[in-house]
């Protein structure tokens, strides 16, 4: 079973001359009618749709077959029925899943409409990216009659169907001049293999804030959330570094203003933890991108159990070795990845005394900072300076080629592991010094393609971090109105006053995940009151999917016993 539902798009029939083009077996007018129904079920605005005359006016980079659109409408109706305690026929449970898998090898060809050598090169690079990182194989065939992918250029822009749509030739549109990047080709092929956008996850709001006021109306659904009932191909943890995640200006309405004056004013998506802001919009496959496809297509390919370490897993292209997260190498991911010889020692030990690490140059370095063997301390690291000159820094506010990255691997998956920094102005990350912390070990990457790039960090070991028992709440009176970099919410002013008496706490609307607050009033001073998050350390669980979530400003993570807990996002 594949994928979850993308809830996006949106026109109605236009009053102007309507395009006679078709996508799959649907005309523009037919497609538009389906989209109108979807938007109405989502409660999205439809007033702008009367001016739509062609597919490029109504779709982002994902298109659907008639069967998939009908399935989407059924899913939305089903979600509404569950909410209203109604039942509807499970008609689609008796049919094949409309988002299907491919059989490999996948035949592919480049249409004559693509005559740019650069565009052809990017397509081949995108294909190689997926074949190198997954078990998917591709076969070039200029005479495809059914069951393959044809790349073509059209005014429709960059777009792809989701998953395998049937025996007919399946198209991926890559407009020459505007889609000529390796990342774009890789992204669209990812859709064809069955991946949706990361920012559509149902738990997206725990990690990302989307400003719908800045987004094109027809793309608001593309930056919306899926229903939580279909999440088969998403990684267990939110992946900021995914090739399927839009950049921070995805769907921007006023693109001309952005091009003329690119500032934070035009950012449509802000990460709740500002240290991830420059991670989204990656143009390369992440470890979890490849794992998502391998889990779906080839989880049974390797029968031999391997002692993979550091969250590696058997490599479906070579079952005698493990596929490793970035930063690790060796047959079983037991070693640190190889670094440039000018990086110096890469295995570092944190002690109570602060130590400094400085590097400059055109390098690729992988450092592992650990506490001494057997010590249960925590590593604290501060980024003191980062120098990456103008054109080498950010690409649409994304760190793509020159950056430092702090990585933390936590059980059972490498979750939230790519905090990339590439801005010389560290204040853009929320402080003059950027703080990181890791339990027992921390990975630090430095990727530089220019001789003048440099960074300075200081690191040390700090005492063992206190933890609360699973499912417990912080002591009454502790609040999160001003989150501080401590494991627990800070206590409000006046809590320890001996002459202050308090009334009873109010009831919690949602008793988990920090998703609601409770309040109490002072009995001795009516001007004083206290507010705290309810049961913030205990994650909420979706009844229908069994998945867990925490509400902002908390994030889902794991304690030292691999139990799910909610913690302040600012602590990570």
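Just so it is clear, glycine is given a Cβ too, placed from its N, Cα and C backbone atoms.
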Query = Looking at 463-496, 497-530, 531-564, which one is region 'Disordered' according to TrEMBL?
reply = 463-496
Ask   = Beyond 187, 191, 197, what residues of that chain have CB atoms within 8 A of the centre of the Zn(2+) site's CB atoms?
value = 61, 62, 160, 188, 190, 195, 196, 243, 244
Task = Could you tell me which of these binding-site residues, 187, 191, has the fewest other Cβ atoms within 10 Å of its Cβ?
result = 191
Task = In whole Å, note down how far the CA of residue 188 (active site) lies from the CA of residue 197 (Zn(2+) binding site).
result = 10
